[in-house]
Amino acid sequence: MSSPSTNPSRDQAAPDPGRSWLSGASPTPITSSSTSPTTTSSPPPAPPSPTAQSQTTHKNGVSLTDVLHTIKPTDFLSVHEKPCSREGLLTGIGGGAAVGMLRWVLGAPVPRAANWGVGSFAVAALAQYEYCQYRRRLEREKMQRVTEVYDMNRKKAEQKAREAAEEAKRASQAKAEEEERKRARRRWYKFW
């Protein structure tokens with residue numbers, strides 16, 4: 001049984017001769033030839049199991065590699081422009097440096113102090129980022145409430161203005177009708 005000789009690239013693993021479905025190559029059926037006295041046949045390769053397939057591909061067909069291909073190097077260059085990331089990174093840098101230096105001063109070896117510094121950087125940065133996001137959510141909810149109250153007050157003012165305009169229109173119509181009645185009464189007894 002011969003396997004196709006392909007050099008595996010960086011993204012592709014070396015093909016397994018027993019699992020042709022893994023290498024992406026179509027299985028080649030082994031046929032008996034008149035020149036070869038012995039014939040060998042192997043069972044067809046088993047299809048991939050559902051558990052192996054679900055580990056790399058999500059239900060809607062998106063795999064981890066597809067997600068990783070959407071990340072561009074420019075995304076890492078613009079992290080500081082995202083809301084709350086600057087505050088989180090600065091807090092993490094300060095906290096990580098302080099904890100790392102404190103551990104080193106207290107007698108821990110440099111690698112262990114550095115590990116503590118990196119760990120505290122991650123914890124402090126994440127905590128500050130989440131706190132900032134929490135404050136932003138509260139501010140957004142407060143702005144929505146203010147907007148709703150403003151809209152409600154504006155609608156009430158418009159309703160009052162409409163009612164005042166309708167009242168003024170009714171009053172002017174009533175006044176016009178009263179003047180018309182007065183004119184009609186005056187005309188009734190005049191002959192010339």
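Yeah, the Cβs are placed from backbone N, Cα and C, and that goes for glycine too.
Feature annotations, courtesy of TrEMBL:
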- 1-10: compositional bias 'Polar residues' (COMPBIAS)
- 26-41: compositional bias 'Low complexity' (COMPBIAS)
- 154-182: compositional bias 'Basic and acidic residues' (COMPBIAS)
- 1-59: region 'Disordered' (REGION)
- 154-184: region 'Disordered' (REGION)
Non-local residues, at least 6 beyond the ends, that sit with Cβ under 8 Å of the compositional bias 'Basic and acidic residues' (154-182): none
Helix-strand-coil residue split for the region 'Disordered' (154-184), DSSP-based: 31 helix, 0 strand, 0 coil
